[in-house]
Amino acid sequence: MDAGASYMRLTGEENWVEVTMDEEKERKGKDVQQGKYRPQVSKPIINRDTNTSFAYKGIFLWGIQITMWILLWTNMCVRAEDYITLISDPYGFSPIKNVSGVPVTCVTKEFARWGCQPLGAYPDPEIEYRNVSQEIVKEVYQENWPWNTYHWPLWQMENVRYWLKENIAENKKRKNSTKKGIEELLAGTIRGRFCVPYPFALLKCTKWCWYPAEIDQETGRARKIKINCTEARAVSCTEEMPLASIHRAYWDEKDRESMAFMNIRACDSNLRCQKRPGGCVEGYPIPVGANIIPENMKYLRGQKSQYGGIKDKNGELKLPLTVRVWVKLANVSTWVNGTPPYWQNRINGSKGINGTLWGQLSGMHHLGFNLSQTGKWCNYTGKIKIGQETFSYHYKPNWNCTGNWTQHPVWQVMRDLDMVEHMTGECVQRPQRHNITVDRNQTITGNCSVTNWDGCNCSRSGNYLYNSTTGGLLVIICRNNNTITGIMGTNTNWTTMWRIYRNCSGCENATLDRKETGTLGGVANKNCSLPHKNESNKWTCAPRQREGKTDSLYIAGGKKFWTREKAQYSCENNIGELDGMLHQQILLQKYQVIKVRAYTYGVIEMPENYAKTRIINRRKRELSHTRKKRGVGLVIMLVIMAIVAAAGASLGVANAIQQSYTKAAVQTLANATAAQQDALEATYAMVQHVAKGVRILEARVARVEAITDRIMLYQELDCWHYHQYCVTSTRADVAKYINWTRFKDNCTWQQWERELQGYDGNLTMLLRESARQTQLAEEQVRRIPDVWESLKEVFDWSGWFSWLKYIPIIVVGLVGCILIRAVICVCQPLVQIYRTLSTPTYQRVTVIMEKRADVAGENQDFGDGLEESDDSKTDQKVTVQKAWSRAWELWQNSPWKEPWKRSLLKLLILPLTMGIWINGRLGEHLKNKKERVDCETWGKGD
């Protein structure tokens, strides 16, 4: 029975005893109880340098790892999460608003000829892409896919324009020949892709639709038509398209799919335009405020726009667009003879058809030819159009201009002046002011507004002035006696309008009642029509008259409700009229330039649930501390592989660039050699001609000398040119002495000099061209870079590779760290085994008693605290043999039974023996310093 139980039995009081047991991991000298127990074996071991060295070793290893991580982090600067790009991360990429600063290059065949990169320099966008979820696209672009004026097509057009101006003299000389290769470029048959380098990429929209935004409550027009992209993917290059082209009406069949994708449909199926016969407008809406040619390239704008409906309010390209323009692939399947099916409704060949003003009715400019709309004739013009300029150029490509081009894809440009595409896809002929009358016969029933055309009905064709329920005025256009084709509105109320009307000259008693004049009706007096402001900003009700002609006054909504409007039709359409620059500009609108955090090639599909992936990655990071050894090796291996991969990729790109420069230089050198050969041939021909003249001169001099010697009539000697040989005025028998027949085929001196001058001019030109080609070849050869110069030029690392000279040191350091780590990993278990064998493990038992227990034998004399210590009774000296026996016994009783571990333990017997012997020797000087423990005398309980 323990002391606590005896105390309870005797006193009846509880004696609470707290017993705590914990493993003694950190041994300190002050925690060791002195008394009966001799200083333990572990105490001198703890006081030695063994444990501190291992602590320093751990700190040193951690320092090495932290240093390596810092070095790797500063050099790589990429986290593991950054390798997963554009995947369920709205901040994985950022849109680039100013695309003019984005570097771009073209990729095509014969790249050195056209200043592009080889086809393998960038991955194929059909293979290399990354899908981007709809949520990310919506969050980044807010359902508004913006318009961008890309500078790449403008650069291409500028290059062609510059080349045409530089070779204008040569072009005038060529009459019946073409320059091979250039015609292919001008015709758009040289195709390629536009690519952007890392860290930039292209976000390609693969599914989109349009919807109206910012509806004007006064006019009902949509200030903006926004594009909502619902599916997108990231690529490096665009689709294949012509690198350049002059003005053309029809495009190749290869472009049909890309052009058809630009026919964007409306998102909302409940829009009013969906219920109309023609449906809603399809196409790409170039927004209001777009700059087709930016300010920094204003020299390309020209005077008048050559792009049909793509123009500003002055018919030029100097100002931003003030009216929305739609560009779409024309639906030629329903056309008749190359024209829309309703063109037969034209009146006397008018350009206005069904509310649309059409341009280019007779013919279209196509690759230097004038083609008819029906495809029945084509005329060679001798001129080509590039941008806003026209050049005289002999251009006859190898295609049949008389073929049936009407089935080829063609762009249709529509300029919607009213901008009410969400209400109707039909165009209307605007009414004149004298055709606008007040409805007195209840022709209009219901309540409608500029935003609600279906709220009222009409029963008779006409143009009716209607008092809106919102307080403004409406002009309701009714056609076919029951169809409302348009509503124009203004915030000016009915009372204000009548006050202005009464102030017009001669209109004090006039009205706007309808008179039966024509199908649409009109007012009785045209000089008292709906009022408007003239050019002097004064109110008037009469149209302007000049030379017996009355000016036409049309009406539009909003601010133009009270001004003089000249446009008769609400839409302007044209087909063709675009060149390669604008063709590329339209096709590039499906792309947005973005900047990514990390860019890798290959197909990366979107994961189904990125949150689960992040949780798994977080769990892996939480467990990563158990794999530190493996992690360090893996990081080192990844670093080495990354360096090798980066070097390989960089060398590959540099090699491609070097081949490009080399090929260009070789081609230029070949041209120089050919020019030198031409100069040599011309020189040889000139030498032959000079030699021939010298022979003729010698022969003539010889004959003259013979005549003078034989006749000696110097004063009568006279030579003149006659039938290309020389005769004299002397006697006729003189001619028998000279045989002139051999010189009849020779030219005169004047002809010989003229021909010699021609040879001289030709030779001078050839020598000049040869020198220019030689100089150009030398410059091209000097431009051939080596691998490292190519890397610096392409990537602009500007000394980033300066640290490569430290790679051997880094590699040796890494190998040394690996070896040191391996040695430590081998020695650490041995040291741990040694510590385990040499240091017994104790448990600390703490007994706390509230009262002294009544224990029998409390008055017993226990001595001075040293009597019961067996070790203190006999002072035995520790010898080497005893230490060896003790070490051998520890090895025999070790808990490790595996053969390989026991073999390793044999190596520890000798150091263990030395440790035991040294501890024994060190313990001898403590025998006279034994501490006496005074035991408290326990009194007996009463």
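From the backbone N, Cα and C atoms, a Cβ is placed for every residue, glycine too.
So that you can see what the record holds, here are the features copied from Swiss-Prot:
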COILED    663-713  coiled coil
COILED    754-789  coiled coil
CARBOHYD  Asn51  N-linked glycosylation site
CARBOHYD  Asn98  N-linked glycosylation site
CARBOHYD  Asn131  N-linked glycosylation site
CARBOHYD  Asn331  N-linked glycosylation site
CARBOHYD  Asn348  N-linked glycosylation site
CARBOHYD  Asn370  N-linked glycosylation site
CARBOHYD  Asn379  N-linked glycosylation site
CARBOHYD  Asn400  N-linked glycosylation site
CARBOHYD  Asn447  N-linked glycosylation site
CARBOHYD  Asn481  N-linked glycosylation site
CARBOHYD  Asn509  N-linked glycosylation site
CARBOHYD  Asn527  N-linked glycosylation site
REGION    631-651  region 'Fusion peptide'
REGION    697-713  region 'Immunosuppression'
SIGNAL    1-80  signal peptide
TOPO_DOM  81-799  topological domain 'Extracellular'
TOPO_DOM  821-942  topological domain 'Cytoplasmic'
TRANSMEM  800-820  transmembrane segment
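Following the DSSP three-state reduction, the secondary structure of Asn98 (N-linked glycosylation site) is coil.
Ranked by Cβ neighbours within 10 A across all protein chains shown, the glycosylation sites Asn331, Asn527 are led by Asn527.
Between Asn131 (N-linked glycosylation site) and Asn98 (N-linked glycosylation site), the C-alpha separation comes to 24 Å. For the topological domain 'Extracellular' (81-799), the predicted model reports an average pLDDT of 77. Between the listed glycosylation sites, namely Asn370, Asn379, Asn509, the fewest other CB atoms within 10 angstroms of a CB are found at Asn509.
When the glycosylation sites Asn98, Asn331, Asn370, Asn447, Asn509 are ranked by how far their Cα is from the Cα of Asn379 (N-linked glycosylation site), Asn370 comes first.
Figure note: comparing Cβ neighbours within 10 Å for the glycosylation sites Asn98, Asn131, Asn447, Asn481, the maximum is reached by Asn131. The DSSP secondary structure for Asn527 (N-linked glycosylation site) is helix. Among the glycosylation sites listed (Asn98, Asn331, Asn370, Asn509), Asn509 has its Cα nearest to the Cα of Asn527 (N-linked glycosylation site). Annotated pair Asn98 (N-linked glycosylation site) and Asn509 (N-linked glycosylation site), C-alpha to C-alpha distance, rounded: 61 Å. Asn447 (N-linked glycosylation site) falls within neither a helix nor a strand when secondary structure is assigned with DSSP, and so counts as coil.
Asn447 (N-linked glycosylation site) and Asn509 (N-linked glycosylation site) have their C-alpha atoms 29 Å apart, to the nearest angstrom.
With Asn331 (N-linked glycosylation site) as the anchor, the candidate glycosylation sites are Asn370, Asn481, Asn509, and the one with the nearest CA is Asn370. Under the DSSP three-state reduction, Asn370 (N-linked glycosylation site) is assigned to strand. When secondary structure is read from DSSP and collapsed to three states, Asn379 (N-linked glycosylation site) falls in the strand class.
On a Cα basis, Asn481 (N-linked glycosylation site) lies 30 Å away from Asn509 (N-linked glycosylation site).
The CA atom of Asn370 (N-linked glycosylation site) is located 42 Å away from the CA atom of Asn481 (N-linked glycosylation site).
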